[in-house]
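As given in Swiss-Prot:
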- Arg28, Glu89, Lys128, Lys495: (6S)-5-formyl-5,6,7,8-tetrahydrofolate binding site (BINDING)
- 223-417: domain 'TrmE-type G' (DOMAIN)
- Asn233, Ser252, Val254, Thr257: K(+) binding site (BINDING)
- 233-238, 252-258, 277-280: GTP binding site (BINDING)
- Ser237, Thr258: Mg(2+) binding site (BINDING)
Amino acid sequence: MRAHEYALDDDIVAIATALSPAALGIVRTSGSSSIERVASFFSRAQALTRARAHTFLHGWILDGKTRVDEVVLLVYRAPHSFTGEHAVEIICHGGVRTVQAVYRLCLAQGFRAAQRGEFSFRSFFHGKRDLTRIEAIQSLVDARTCAAQQQAVLHLSGALQQEIAALTRALLAFSATLQGEIEYPEDEETRVHDIDMRELEPLVERLRRLRACWQERALQRTGVRIVLGGCPNAGKSSLFNALLGQDRAIVSSVPGTTRDWLEADLDLSGIPVRLCDTAGLRVTDNPIEAQGVVRSEQLLQGADCVFYIINGRAGVQAADCAFLSDCAVPLVVVVTHNDLMSMSERIQVCQAVQPFISAPVLSCARSQDARGAGEQCLAGGKNGEVRDRAPRAFVCVSAKTHAGLDALRAQTLHLLHGGQVPYEELSLGSERQYVLVDAAVQALEHAQEAYARGFGLDAVVHDLEEALYHCGALTGEVHSEDILDALFEKLCVGK
């Protein structure tokens, strides 16, 4: 069933929590008769039908005279609910059988099974949420980092809706001024020279900034895969654990301990990272380890960024130089065991790695509170020795003391994105929103150009009306059935 075909007169029900063993499960209902229908199988029927909005009731779900589960009901009265309708949420124990039994009782009492996104559609239909806040619900569910979660909450609270509403009011006021000049011209000229088109520029700039923020946050949406590579016993697994803040990989002084690759999620300043620890790169007669090496090579070739690990105590090996010469993806050379290295060892490693680094800069701080010029190393390519390649960086770290990890994160962010992203700034929440804002910007820029080239005010007003249409489509004030269908089918059942 498509969103615009939902039967709004039906009472609907859905299981709102994951259907798996858990402490609690929620069965969600909505509709004009939802309270009475739930009362028909609730032990305190009269108390439920008389309950005020936002009231909790404790009791039993009954199948005839048989008790099904001890529950708590949360009662909503229209219009003070998510959907704008009467609604009851049944909070039961989280066993799969129990939740299904309660759900089946709802269906038996005349509730219809809700479709994908139908609760949210009713919220939109009854004016409880605009489309930006509806989309924020799914963004909140999909958020993989704290920054994404905070941006979704910002949208859910109505910040984007309010921004677009303010822009719309300003555009309407400006358009009304132009309309007045057209309807009541002071002379025979269609164009009136005292119209200050500069008033339009701040509005265009605000929309441009929303568009730019969406483009700047591409990595926040797509995420990146960072693969740790290097020779056996270089310290890959130790660094993997240090970055995660937990012991996920087995660490041993025995070379070849890691035979298969491990993966874990990491939040890199708002960018979701899939971090991979791999088997050490070397020629081996062990068939199992050899398979691990092949997988490591494949993962390194397909990475968005490589952390190539070198044991600072062992120095740079021929195998390290071979890999650094051939690697074609963004790469950070990470020298480990920095807490155990002498100054001469640091200098030797820096000199050996220098020809392979095209982007200088990195910290080789010996400890978190180390000071002094001797504790820093800069690596930069020599003239004629650095070929064109993907961006690279060089950091010395200690997985034991965590010295240098902040520098590693900062350099990685710089390689992938070019610097820190101000995630607290309001942005757009979906590709649909980006397309509409981009269209609005183009319409307003066309209006500015039309006025500058001496076209009549009618042409300018036409462009303003087009921009207003796109702003209205963004919040849902104007919409088509196809847009609603595409948006609400992305939401899960129970949303």
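Backbone N, Cα and C atoms are what each Cβ position is placed from, and that goes for glycine too.
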Nearest of the binding-site residues (Asn233, Lys236, Ser237, Ala279) to Arg28 ((6S)-5-formyl-5,6,7,8-tetrahydrofolate binding site), judged by Cα-Cα distance:
Ser237
Go through Lys128, Lys236, the listed binding-site residues, and name the one with the sparsest Cβ surroundings, counting other Cβ atoms within 10 Å.
Lys128
Sort the binding-site residues Asn233, Ser237, Ala279 by C-alpha distance from Glu89 ((6S)-5-formyl-5,6,7,8-tetrahydrofolate binding site) and give me just the closest.
Ser237
Taking the Cβ of each of the binding-site residues and counting other Cβ atoms inside 10 Å, which one has the highest number: Asn233, Ser237?
Ser237
DSSP on Lys236 (GTP binding site), three-state: which is it?
helix
Fewest Cβ neighbours within 10 Å, where candidates are the binding-site residues Arg28, Glu89:
Glu89
I'd like to know the mean pLDDT over the domain 'TrmE-type G' (223-417).
75
Round to the nearest Å and give the CA-to-CA distance linking Ser237 (Mg(2+) binding site) with Ala279 (GTP binding site).
9
Lys128 ((6S)-5-formyl-5,6,7,8-tetrahydrofolate binding site) and Lys236 (GTP binding site), distance between Cα atoms, whole Å:
51
